[in-house]
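Marked as transmembrane segment by Swiss-Prot: 30-47, 119-134, 143-157, 198-219, 275-289. Summarising the annotation, Swiss-Prot assigns chlorophyll a ChlzD1 binding site to His119. Taken from Swiss-Prot, the feature pheophytin a binding site covers Tyr127. Feature annotation from Swiss-Prot assigns site 'Tyrosine radical intermediate' to Tyr162. According to Swiss-Prot, the feature [CaMn4O5] cluster binding site maps to Asp171, Glu190, His333, Glu334, Asp343, Ala345. The site 'Stabilizes free radical intermediate' annotation in Swiss-Prot covers His191 and rests on sequence analysis. According to Swiss-Prot, the feature chlorophyll a PD1 binding site maps to His199, an assignment based on sequence analysis. Taken from Swiss-Prot, the feature Fe cation binding site applies to His216, His273. If you look up Swiss-Prot, you'll see His216, Ser265, Phe266 marked as quinone binding site.
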Amino acid sequence: MTTIQQQRSSLLKGWPQFCEWVTSTNNRIYVGWFGVLMIPCLLAATTCFIVAFIAAPPVDIDGIREPVAGSFMYGNNIISGAVVPSSNAIGLHFYPIWEAATLDEWLYNGGPYQLVIFHFLIGISAYMGRQWELSYRLGMRPWICVAYSAPVSAAFAVFLVYPFGQGSFSDGMPLGISGTFNFMFVFQAEHNILMHPFHMAGVAGMFGGALFSAMHGSLVTSSLIRETTGLDSQNYGYKFGQEEETYNIVAAHGYFGRLIFQYASFNNSRSLHFFLASWPVICVWLTSMGICTMAFNLNGFNFNQSVVDTSGKVVPTWGDVLNRANLGMEVMHERNAHNFPLDLAAAESTSVALVAPAIG
(Lines of atoms letter the chains of each structure in order from A; the text may use other names.)
(Lines give C-alpha, C1' and ligand atoms only; values in the text may rest on other atoms or scores of the structure.)
Protein backbone atom coordinates (compact mmCIF):
# COMPACT_ATOMS: atom_id res chain seq x y z
CA MET A 1 0.00 0.00 0.00
CA THR A 2 2.85 2.34 0.87
CA THR A 3 4.51 1.54 -2.47
CA ILE A 4 1.32 2.43 -4.40
CA GLN A 5 1.00 5.74 -2.55
CA GLN A 6 4.64 6.57 -3.27
CA GLN A 7 4.15 5.82 -6.99
CA ARG A 8 1.01 7.97 -7.09
CA SER A 9 2.74 10.86 -5.33
CA SER A 10 5.66 10.63 -7.75
CA LEU A 11 3.28 10.71 -10.72
CA LEU A 12 1.49 13.79 -9.37
CA LYS A 13 4.68 15.48 -8.26
CA GLY A 14 4.90 17.70 -11.31
CA TRP A 15 1.17 18.44 -11.57
CA PRO A 16 1.18 21.77 -9.65
CA GLN A 17 4.12 23.02 -11.74
CA PHE A 18 2.33 21.97 -14.93
CA CYS A 19 -0.85 23.80 -13.86
CA GLU A 20 1.15 26.92 -13.06
CA TRP A 21 2.93 26.78 -16.42
CA VAL A 22 -0.31 26.27 -18.36
CA THR A 23 -2.07 29.23 -16.73
CA SER A 24 0.92 31.58 -16.51
CA THR A 25 0.63 34.86 -18.42
CA ASN A 26 4.41 35.28 -18.28
CA ASN A 27 4.98 32.71 -21.02
CA ARG A 28 5.98 34.07 -24.42
CA ILE A 29 2.88 32.36 -25.86
CA TYR A 30 -0.02 31.76 -23.50
CA VAL A 31 -1.12 28.12 -23.39
CA GLY A 32 -4.15 27.93 -21.11
CA TRP A 33 -6.42 24.99 -20.48
CA PHE A 34 -8.16 25.57 -23.79
CA GLY A 35 -4.71 25.52 -25.39
CA VAL A 36 -4.14 22.03 -24.01
CA LEU A 37 -7.07 20.97 -26.21
CA MET A 38 -6.34 23.35 -29.08
CA ILE A 39 -2.70 22.46 -29.75
CA PRO A 40 -3.08 18.71 -30.43
CA CYS A 41 -6.31 19.20 -32.40
CA LEU A 42 -4.87 21.85 -34.71
CA LEU A 43 -1.64 19.88 -35.11
CA ALA A 44 -3.61 16.77 -36.08
CA ALA A 45 -5.81 18.73 -38.53
CA THR A 46 -2.84 20.53 -40.10
CA THR A 47 -0.74 17.37 -40.44
CA CYS A 48 -3.55 15.35 -42.00
CA PHE A 49 -4.44 18.23 -44.33
CA ILE A 50 -0.88 18.59 -45.62
CA VAL A 51 -0.39 14.85 -46.12
CA ALA A 52 -3.80 14.45 -47.82
CA PHE A 53 -3.23 17.50 -50.04
CA ILE A 54 0.05 16.00 -51.22
CA ALA A 55 -0.61 12.27 -51.44
CA ALA A 56 -4.24 11.24 -50.81
CA PRO A 57 -5.69 8.87 -53.45
CA PRO A 58 -8.91 9.77 -55.33
CA VAL A 59 -12.15 9.84 -53.30
CA ASP A 60 -15.53 8.48 -54.40
CA ILE A 61 -17.25 11.71 -53.37
CA ASP A 62 -20.61 11.02 -55.10
CA GLY A 63 -20.76 7.39 -54.02
CA ILE A 64 -21.07 6.17 -57.63
CA ARG A 65 -17.66 4.52 -57.99
CA GLU A 66 -16.18 7.46 -59.89
CA PRO A 67 -13.36 8.76 -57.68
CA VAL A 68 -12.28 12.40 -57.79
CA ALA A 69 -8.56 13.13 -57.35
CA GLY A 70 -7.54 16.11 -55.25
CA SER A 71 -3.88 15.67 -54.31
CA PHE A 72 -0.60 16.81 -55.88
CA MET A 73 0.55 13.25 -56.61
CA TYR A 74 -2.54 12.66 -58.74
CA GLY A 75 -2.00 15.58 -61.11
CA ASN A 76 -3.34 18.61 -59.23
CA ASN A 77 -1.66 21.92 -58.50
CA ILE A 78 -2.09 24.46 -55.71
CA ILE A 79 -5.20 25.89 -57.41
CA SER A 80 -7.01 22.68 -58.37
CA GLY A 81 -5.91 20.59 -55.38
CA ALA A 82 -8.14 19.87 -52.38
CA VAL A 83 -8.90 17.47 -49.60
CA VAL A 84 -12.01 15.92 -51.16
CA PRO A 85 -15.08 15.53 -48.88
CA SER A 86 -16.04 12.08 -47.67
CA SER A 87 -18.19 9.87 -49.88
CA ASN A 88 -21.94 10.21 -50.28
CA ALA A 89 -22.01 6.49 -49.50
CA ILE A 90 -20.86 7.37 -45.97
CA GLY A 91 -23.47 10.10 -45.61
CA LEU A 92 -23.51 11.55 -42.11
CA HIS A 93 -21.93 8.53 -40.47
CA PHE A 94 -18.96 9.19 -38.22
CA TYR A 95 -16.07 7.65 -40.14
CA PRO A 96 -12.84 7.37 -38.13
CA ILE A 97 -10.01 5.12 -39.28
CA TRP A 98 -11.14 2.19 -37.14
CA GLU A 99 -14.57 2.13 -38.82
CA ALA A 100 -13.03 1.09 -42.15
CA ALA A 101 -11.92 -2.45 -42.95
CA THR A 102 -8.63 -1.23 -44.39
CA LEU A 103 -6.71 2.02 -44.69
CA ASP A 104 -7.26 1.94 -48.47
CA GLU A 105 -11.02 1.80 -47.92
CA TRP A 106 -10.84 4.72 -45.48
CA LEU A 107 -8.90 6.80 -47.99
CA TYR A 108 -11.20 5.82 -50.89
CA ASN A 109 -14.24 6.97 -48.91
CA GLY A 110 -12.68 10.30 -47.95
CA GLY A 111 -11.93 9.63 -44.31
CA PRO A 112 -9.20 12.32 -44.10
CA TYR A 113 -11.83 15.02 -44.72
CA GLN A 114 -13.72 14.13 -41.56
CA LEU A 115 -10.50 13.85 -39.57
CA VAL A 116 -9.42 17.32 -40.69
CA ILE A 117 -12.72 19.16 -40.19
CA PHE A 118 -13.58 17.63 -36.81
CA HIS A 119 -10.15 18.37 -35.35
CA PHE A 120 -10.18 21.79 -37.01
CA LEU A 121 -13.59 22.74 -35.58
CA ILE A 122 -12.60 21.59 -32.10
CA GLY A 123 -9.29 23.44 -32.47
CA ILE A 124 -10.77 26.80 -33.49
CA SER A 125 -13.43 26.51 -30.78
CA ALA A 126 -10.66 25.91 -28.24
CA TYR A 127 -8.77 28.89 -29.70
CA MET A 128 -11.83 31.03 -29.07
CA GLY A 129 -12.00 29.72 -25.50
CA ARG A 130 -8.28 30.45 -25.11
CA GLN A 131 -8.91 34.05 -26.14
CA TRP A 132 -11.50 34.36 -23.39
CA GLU A 133 -9.20 32.62 -20.90
CA LEU A 134 -6.28 34.96 -21.57
CA SER A 135 -8.57 38.01 -21.38
CA TYR A 136 -9.85 36.74 -18.03
CA ARG A 137 -6.32 36.21 -16.68
CA LEU A 138 -5.29 39.73 -17.71
CA GLY A 139 -8.45 41.37 -16.36
CA MET A 140 -9.63 42.41 -19.82
CA ARG A 141 -13.16 42.47 -21.18
CA PRO A 142 -14.22 39.40 -23.22
CA TRP A 143 -15.04 41.02 -26.57
CA ILE A 144 -12.04 39.60 -28.47
CA CYS A 145 -13.43 36.07 -28.38
CA VAL A 146 -16.91 37.43 -29.20
CA ALA A 147 -15.51 38.99 -32.38
CA TYR A 148 -13.67 35.77 -33.23
CA SER A 149 -16.95 33.86 -32.92
CA ALA A 150 -17.98 35.30 -36.31
CA PRO A 151 -15.49 33.31 -38.44
CA VAL A 152 -15.96 30.33 -36.11
CA SER A 153 -19.71 30.39 -36.82
CA ALA A 154 -19.00 30.58 -40.56
CA ALA A 155 -16.71 27.53 -40.36
CA PHE A 156 -19.30 25.54 -38.42
CA ALA A 157 -21.96 26.57 -40.96
CA VAL A 158 -20.14 25.28 -44.06
CA PHE A 159 -18.34 22.29 -42.53
CA LEU A 160 -20.95 20.93 -40.10
CA VAL A 161 -24.44 22.46 -40.27
CA TYR A 162 -24.73 22.44 -44.06
CA PRO A 163 -23.74 18.76 -44.41
CA PHE A 164 -26.19 17.93 -41.60
CA GLY A 165 -29.00 19.74 -43.39
CA GLN A 166 -28.21 18.17 -46.76
CA GLY A 167 -27.75 14.68 -45.33
CA SER A 168 -24.14 13.96 -46.25
CA PHE A 169 -20.64 15.21 -45.57
CA SER A 170 -20.06 14.96 -49.32
CA ASP A 171 -21.98 18.26 -49.52
CA GLY A 172 -19.47 19.98 -47.24
CA MET A 173 -17.00 22.52 -48.60
CA PRO A 174 -13.87 20.91 -50.10
CA LEU A 175 -10.60 21.97 -48.52
CA GLY A 176 -9.03 23.68 -51.52
CA ILE A 177 -9.23 26.76 -53.74
CA SER A 178 -11.12 25.36 -56.74
CA GLY A 179 -13.18 23.19 -54.42
CA THR A 180 -14.29 26.27 -52.51
CA PHE A 181 -15.38 27.97 -55.74
CA ASN A 182 -17.20 24.83 -56.83
CA PHE A 183 -18.98 24.78 -53.47
CA MET A 184 -20.02 28.41 -53.96
CA PHE A 185 -21.36 27.82 -57.47
CA VAL A 186 -23.34 24.76 -56.42
CA PHE A 187 -24.65 26.58 -53.36
CA GLN A 188 -25.89 29.40 -55.59
CA ALA A 189 -27.46 26.95 -58.03
CA GLU A 190 -29.32 25.00 -55.36
CA HIS A 191 -30.17 27.73 -52.85
CA ASN A 192 -30.00 31.07 -54.71
CA ILE A 193 -27.82 32.50 -51.95
CA LEU A 194 -27.25 35.78 -53.81
CA MET A 195 -30.92 36.59 -53.26
CA HIS A 196 -30.86 35.80 -49.54
CA PRO A 197 -31.00 38.89 -47.27
CA PHE A 198 -28.53 37.43 -44.77
CA HIS A 199 -25.94 36.91 -47.50
CA MET A 200 -26.49 40.50 -48.57
CA ALA A 201 -25.79 41.53 -44.97
CA GLY A 202 -22.55 39.55 -45.09
CA VAL A 203 -21.46 41.35 -48.27
CA ALA A 204 -22.26 44.67 -46.59
CA GLY A 205 -20.24 43.57 -43.57
CA MET A 206 -17.15 42.58 -45.56
CA PHE A 207 -17.05 45.52 -47.97
CA GLY A 208 -18.33 47.95 -45.35
CA GLY A 209 -15.82 46.71 -42.80
CA ALA A 210 -12.98 47.16 -45.29
CA LEU A 211 -14.22 50.66 -46.13
CA PHE A 212 -14.60 51.69 -42.49
CA SER A 213 -11.17 50.27 -41.64
CA ALA A 214 -9.55 52.19 -44.49
CA MET A 215 -11.42 55.38 -43.55
CA HIS A 216 -10.40 55.10 -39.90
CA GLY A 217 -6.77 54.30 -40.66
CA SER A 218 -6.44 57.11 -43.17
CA LEU A 219 -8.11 59.65 -40.85
CA VAL A 220 -5.84 58.71 -37.94
CA THR A 221 -2.73 58.75 -40.14
CA SER A 222 -3.73 62.14 -41.54
CA SER A 223 -4.25 63.71 -38.10
CA LEU A 224 -1.15 62.46 -36.26
CA ILE A 225 0.36 64.89 -33.79
CA ARG A 226 3.78 65.83 -35.16
CA GLU A 227 6.55 64.96 -32.71
CA THR A 228 9.44 64.74 -35.18
CA THR A 229 11.17 66.92 -37.74
CA GLY A 230 10.66 66.54 -41.45
CA LEU A 231 13.85 64.49 -41.65
CA ASP A 232 12.48 61.60 -39.57
CA SER A 233 9.51 59.33 -40.01
CA GLN A 234 6.39 60.33 -38.09
CA ASN A 235 6.35 56.80 -36.68
CA TYR A 236 9.27 57.77 -34.43
CA GLY A 237 6.97 60.26 -32.72
CA TYR A 238 5.19 57.47 -30.87
CA LYS A 239 6.64 55.70 -27.85
CA PHE A 240 5.07 52.41 -26.81
CA GLY A 241 2.99 52.90 -23.68
CA GLN A 242 2.85 56.69 -23.84
CA GLU A 243 -0.10 58.32 -22.08
CA GLU A 244 -0.66 61.15 -24.57
CA GLU A 245 -2.92 60.80 -27.59
CA THR A 246 -0.97 60.07 -30.74
CA TYR A 247 -3.51 61.69 -33.05
CA ASN A 248 -5.96 64.57 -32.87
CA ILE A 249 -9.46 63.07 -32.79
CA VAL A 250 -10.99 66.55 -32.83
CA ALA A 251 -9.28 67.32 -36.13
CA ALA A 252 -10.34 63.97 -37.59
CA HIS A 253 -13.91 64.49 -36.38
CA GLY A 254 -14.02 67.99 -37.83
CA TYR A 255 -12.65 66.87 -41.19
CA PHE A 256 -15.02 63.95 -41.63
CA GLY A 257 -17.99 65.90 -40.30
CA ARG A 258 -17.43 68.55 -42.95
CA LEU A 259 -16.70 66.00 -45.66
CA ILE A 260 -20.03 64.20 -45.15
CA PHE A 261 -22.14 65.79 -42.43
CA GLN A 262 -21.67 66.37 -38.72
CA TYR A 263 -23.41 63.30 -37.35
CA ALA A 264 -21.69 60.92 -39.77
CA SER A 265 -18.54 61.32 -37.67
CA PHE A 266 -17.97 59.78 -34.24
CA ASN A 267 -16.94 62.13 -31.44
CA ASN A 268 -16.31 59.25 -29.04
CA SER A 269 -13.31 57.02 -29.66
CA ARG A 270 -14.80 54.12 -27.70
CA SER A 271 -18.10 54.06 -29.59
CA LEU A 272 -16.16 54.41 -32.86
CA HIS A 273 -14.04 51.33 -32.21
CA PHE A 274 -17.04 49.37 -30.97
CA PHE A 275 -18.76 50.15 -34.28
CA LEU A 276 -15.68 49.12 -36.27
CA ALA A 277 -15.68 45.76 -34.47
CA SER A 278 -19.42 45.10 -34.34
CA TRP A 279 -20.33 45.91 -37.95
CA PRO A 280 -18.47 43.05 -39.71
CA VAL A 281 -19.01 40.65 -36.79
CA ILE A 282 -22.79 41.02 -36.75
CA CYS A 283 -22.97 40.79 -40.54
CA VAL A 284 -20.90 37.58 -40.61
CA TRP A 285 -23.14 36.17 -37.87
CA LEU A 286 -26.11 36.87 -40.13
CA THR A 287 -24.39 35.19 -43.07
CA SER A 288 -23.73 32.09 -40.98
CA MET A 289 -27.39 32.07 -39.96
CA GLY A 290 -28.30 32.28 -43.65
CA ILE A 291 -26.10 29.28 -44.49
CA CYS A 292 -27.72 27.35 -41.63
CA THR A 293 -31.24 28.12 -42.88
CA MET A 294 -30.36 27.26 -46.48
CA ALA A 295 -28.84 24.01 -45.22
CA PHE A 296 -32.42 22.93 -44.59
CA ASN A 297 -33.56 24.36 -47.97
CA LEU A 298 -35.05 27.62 -46.74
CA ASN A 299 -33.56 29.36 -49.75
CA GLY A 300 -33.12 32.86 -51.12
CA PHE A 301 -35.88 34.86 -52.76
CA ASN A 302 -37.21 33.63 -56.09
CA PHE A 303 -38.38 36.23 -58.61
CA ASN A 304 -38.73 33.88 -61.59
CA GLN A 305 -41.32 35.10 -64.10
CA SER A 306 -42.58 37.64 -61.58
CA VAL A 307 -43.36 40.39 -64.11
CA VAL A 308 -46.17 39.94 -66.65
CA ASP A 309 -47.88 42.34 -69.04
CA THR A 310 -51.61 42.96 -69.35
CA SER A 311 -52.07 39.88 -71.52
CA GLY A 312 -50.34 37.64 -69.00
CA LYS A 313 -47.17 37.26 -71.05
CA VAL A 314 -43.97 37.02 -69.00
CA VAL A 315 -41.66 40.02 -69.23
CA PRO A 316 -38.14 38.64 -68.63
CA THR A 317 -36.17 40.33 -65.83
CA TRP A 318 -32.72 39.89 -64.32
CA GLY A 319 -34.40 37.47 -61.92
CA ASP A 320 -35.06 35.17 -64.87
CA VAL A 321 -31.48 35.57 -66.10
CA LEU A 322 -30.23 34.57 -62.65
CA ASN A 323 -32.58 31.59 -62.62
CA ARG A 324 -31.29 30.43 -66.01
CA ALA A 325 -27.71 30.69 -64.73
CA ASN A 326 -28.66 28.69 -61.63
CA LEU A 327 -30.18 25.94 -63.77
CA GLY A 328 -27.07 25.81 -65.93
CA MET A 329 -24.80 25.40 -62.93
CA GLU A 330 -27.11 22.83 -61.37
CA VAL A 331 -27.20 20.52 -64.39
CA MET A 332 -23.40 20.71 -64.71
CA HIS A 333 -22.43 19.68 -61.19
CA GLU A 334 -22.32 16.00 -60.30
CA ARG A 335 -22.99 15.38 -64.00
CA ASN A 336 -22.25 11.66 -63.74
CA ALA A 337 -24.50 11.03 -60.75
CA HIS A 338 -27.60 11.30 -62.98
CA ASN A 339 -29.54 13.33 -60.47
CA PHE A 340 -31.83 15.38 -62.71
CA PRO A 341 -32.51 18.74 -61.03
CA LEU A 342 -35.90 18.68 -59.36
CA ASP A 343 -36.80 22.21 -60.45
CA LEU A 344 -36.21 21.21 -64.07
CA ALA A 345 -38.10 17.95 -63.72
CA ALA A 346 -41.12 19.45 -61.96
CA ALA A 347 -41.62 22.75 -63.76
CA GLU A 348 -42.97 23.39 -67.22
CA SER A 349 -40.32 23.67 -69.90
CA THR A 350 -39.11 27.17 -70.66
CA SER A 351 -38.76 27.96 -74.35
CA VAL A 352 -35.28 29.02 -75.37
CA ALA A 353 -36.30 30.60 -78.70
CA LEU A 354 -39.50 32.55 -79.33
CA VAL A 355 -39.88 31.24 -82.88
CA ALA A 356 -38.75 27.91 -84.29
CA PRO A 357 -36.27 28.34 -87.15
CA ALA A 358 -37.54 27.67 -90.65
CA ILE A 359 -36.09 24.60 -92.37
CA GLY A 360 -35.43 24.57 -96.12
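Any Cβ shown, glycine's included, is placed from N, Cα and C.
On the structure: features taken from Swiss-Prot.
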{"residue": "His119", "record": "chlorophyll a ChlzD1 binding site", "DSSP class": "helix"}
{"residue": "Tyr127", "record": "pheophytin a binding site", "DSSP class": "helix"}
{"residue": "Tyr162", "record": "site 'Tyrosine radical intermediate'", "DSSP class": "helix"}
{"residue": "Glu190", "record": "[CaMn4O5] cluster binding site", "DSSP class": "helix"}
{"residue": "His216", "record": "Fe cation binding site", "DSSP class": "helix"}
{"residue": "Ser265", "record": "quinone binding site", "DSSP class": "coil"}
{"residue": "His333", "record": "[CaMn4O5] cluster binding site", "DSSP class": "coil"}
Among 30-47, 143-157, 198-219, 275-289, stretch most in contact with the transmembrane segment (119-134) (C-beta, under 8 angstroms): 30-47
8 Å Cβ shell about His216, Ser265, Phe266 centroid, quinone site members excluded: Met215, Leu219, Ala252, His253, Phe256, Leu272
Listed recorded positions among His119, Tyr127, Tyr162, His191, His199, Ser265 whose Cα sits within 10 Å of Asp171 ([CaMn4O5] cluster binding site): Tyr162
Other parts of the chain folded back onto the transmembrane segment (275-289), taken as Cβ under 8 Å at six or more residues beyond its ends: 143, 146-147, 149-151, 153-154, 156-157, 198-199, 201-202, 204-206, 208-209, 212-213, 216, 266
Closest of His191, His199, His273, His333 to the residue listed as 'pheophytin a binding site', Cα positions, recorded positions only: His273
Contacting positions for the transmembrane segment (198-219) when only residues 6+ beyond its ends and CB under 8 Å are counted: 252, 255-256, 272, 275-276, 279-284, 286-287, 289-290, 293, 300
Fewest-neighbour residue among recorded positions, criterion Cβ within 10 Å, set His191, His273: His273
From binding-site residues His199, His216, His273, the one whose Cα lies nearest Glu190 ([CaMn4O5] cluster binding site): His199
His191 (site 'Stabilizes free radical intermediate') and His333 ([CaMn4O5] cluster binding site), Cα-Cα, nearest whole angstrom: 14
Densest Cβ neighbourhood among His119, His216, His333 (binding-site residues), 10 Å radius: His119
Other CB atoms within 10 A, centred on Glu190 ([CaMn4O5] cluster binding site): 20
Which of Asp171, Glu334, the listed binding-site residues, has fewest other Cβ atoms within 10 Å: Glu334
Residues His216, Ser265, Phe266 binding quinone per the record - widest CA separation, whole Å: 11
